[in-house]
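The structure appears below as structure tokens.
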């Protein structure tokens, strides 16, 4: 490749906007005749405006936590035996440690390297795990298919095909290693949930602690804790309203906060000790450890708090772009934080007695109250961002089948992924209040908070190493270099944080253990239940021996049988027809499953297939969601399903005609675009209330059932808003007679009504199971199932159309 092409590639990589520019290159006789880069002025301005706007918005969502760290870093660092070293050299060395920690981890590791490891624009621990599962067979999701690999979001653009290696084959071969990888990821997720407890507690308590000594009117510690608890209760109580209504204020608050602490830091440098600039040299780090020894190492638990919130840069990548997050950090966050830490160090070098409240003591008295108000607001913003991140991480665990079913509410019509989980919100509030009231000290809370944050960073480092090997397909030595460079720093900080376990560091370990236990029990029980279904599914031979009527009465209507199986017929079907020998004229086995991608495009969400011969009128529908997709109540699901099946019938007939074989192929699945109604052979017309009523009158439902449904629809807001449509076979199209008959049966069944059938399962351990398995299944898993949301609620099934079939699973 000529050198100028390398330069162009480098330019486009840096700008991250290759689709926004026009590049004209004229080459003559293998030499550069004319090299012209025409930047379209309007597109350039639009790009700059977009990046600037996203960078501005990222202040309120991404950097609220990181920007409030100056409230408590120096106090936590001097809380131990380092308090015995009150001299300028120690202060300078401590600031040098903070500066180089900010430079090496947030700036070098995350901004320059980790932000490149996005999963279709998404970031975070699960994004890395998802990338690994798609480029190697690491996934433990039970119902994966080869058709999932055909999703447009499955493989990264620009990444080569999957290559085999001894390490890859070794990890894929040993299931225990893949289980350990999942547990490693879940452990990091549990620590993020711990952040959702400790961040609001330490941020709000640190901000309110300024009231302890604003002058002669200082208030007691008990009142500080009480006021902090009131603020925390208000913060969690307002979560159900959604943050989008006040989110426009978040970024300005953090920007004002950053400018304030930056200016105050610069003032303190000039006013107290401008020699602090010398501490930018790493030489002071060496002097610091030579002077303090083990005591200096123990103080790293406090220095660690300077980078809490760094993981949010990667975790919240999906809401912004890598370029905007980089711009915000390099242009504002990094310089303002460095100035503030430098200013506090300059102040402390002349006022060592103020170390217990160094931030507020370093603020000029005339600016105390404005800074106090801004600090409190910034603490709330930082807390809000981590609470939202906790909701997101629980949703992702739910998608992996590693968390009990909870209610996920989409709080914003415009912001995708803005969710609220009531159960998690109230659990976080109770734990946060318990931490605030129990510890009552930011230093102790900081010990717990720091341990949780460094563990999450450590998990990211090792996952990034695997991504470098298996996704980026780089040399293993490069991955080892990454681990050595950053993992060694994090191990040093982790070792210091572990020493704080008796002084509050035990809290994140306990929280992580409890959440990990819940996740593992749920995953174990759900997988055992799935394996039971897989081993006891009905054979097609048995289905075929029954004939087209299935040996039962086929009543009008469509029966949707929900199952986790993507192949075969679940045992719930045989259990139902054995006890009630009647079923609907059209059967659809529906599987709602998760795939290891962040989002599944709407036009690729549905997979439709046929079960058995054509005259059986049995179909399969697989609905696929990504780990960031929110399964909202689809008001048009039934209409989409009918159109999708109709389109599949047409596609199957066309392929059969072209191949000359009219036998249906069992197991064949096709992606159906639900928004595209062409080629279905149907016409969908809006139906008014009168027409709808006429349609119901012609149906086979009894007068009592129609009356109950009418009352239910009036009381249910979601059903009353559903679009009423009527399907007709297009007369002008030339349709094969067999296809027309099948479409007519489908429409008659739709007019008769749709019934949802799900299993009401009771999971029990086998009699010969050991004690641990019996306890896990019969007590722990059973308790979680009884106290979480039912499958009908999670799947948004209308109660008036629901039939539950009881089954006992002996696993």
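Just so you know, glycine gets a Cβ as well, placed from its N, Cα and C.
Range 218-238 is the one annotated as transmembrane segment, of 155-175, 218-238, 533-553 (source: Swiss-Prot). With respect to the membrane, residue 241 and residue 503 are recorded by Swiss-Prot on different sides. Per Swiss-Prot, the listed range annotated as transmembrane segment is 419-439 (candidates: 398-418, 419-439, 566-586). The transmembrane segment (218-238) is in contact with the transmembrane segment (367-387), judged by 3+ CB-CB distances under 8 Å for residue pairs 6 or more apart in sequence.
Among residues of the same chain six or more beyond the transmembrane segment (94-114), those with a C-beta under 8 A of the stretch's C-beta atoms are 66, 73-74, 77, 82, 123, 276, 279-282, 284-285, 288, 299-300, 303-304, 306-307, 310-311, 313-314, 325-326, 329-330, 334, 337-338, 341-342, 344-345, 457, 460-461, 464, 482, 486, 489-490. Confidence over the topological domain 'Cytoplasmic' (525-811), given as mean pLDDT on the 0 to 100 scale, stands at 79. Highest Cβ pair count under 8 Å relative to the transmembrane segment (53-73), across stretches 182-202, 297-317, 327-347, 367-387, 476-496: 297-317. In this chain, the transmembrane segment (327-347) lies apart from the transmembrane segment (476-496): fewer than three C-beta pairs between them fall below 8 angstroms, excluding pairs fewer than 6 positions apart. Counting Cβ pairs under 8 Å that are 6 or more residues apart, the transmembrane segment (419-439) and the transmembrane segment (182-202) reach 3 or more and are in contact.
Below 8 A, the CB atoms of the transmembrane segment (476-496) and the transmembrane segment (246-266) form no more than two pairs separated by six or more positions in the chain, fewer than 3 in all. Tertiary proximity for the topological domain 'Extracellular' (348-366) is limited to same-chain residues at least six positions away from its ends with a CB under 8 Å from its CB atoms, namely 70-72, 74-75, 78, 83, 86-88, 91-92, 209-210, 212-215, 264, 267-268, 272-273, 276, 372. If you look at the topological domain 'Cytoplasmic' (388-418), the same-chain residues 6 or more away from its ends with a CB under 8 A from one of its CBs are 61, 124-126, 141-142, 182, 186, 189, 192-193, 195-196, 240-244, 247, 312, 315-316, 318-319, 424-425, 428, 518-520, 522-523, 526-527, 594, 625-632, 784-785, 787-791, 793-794.
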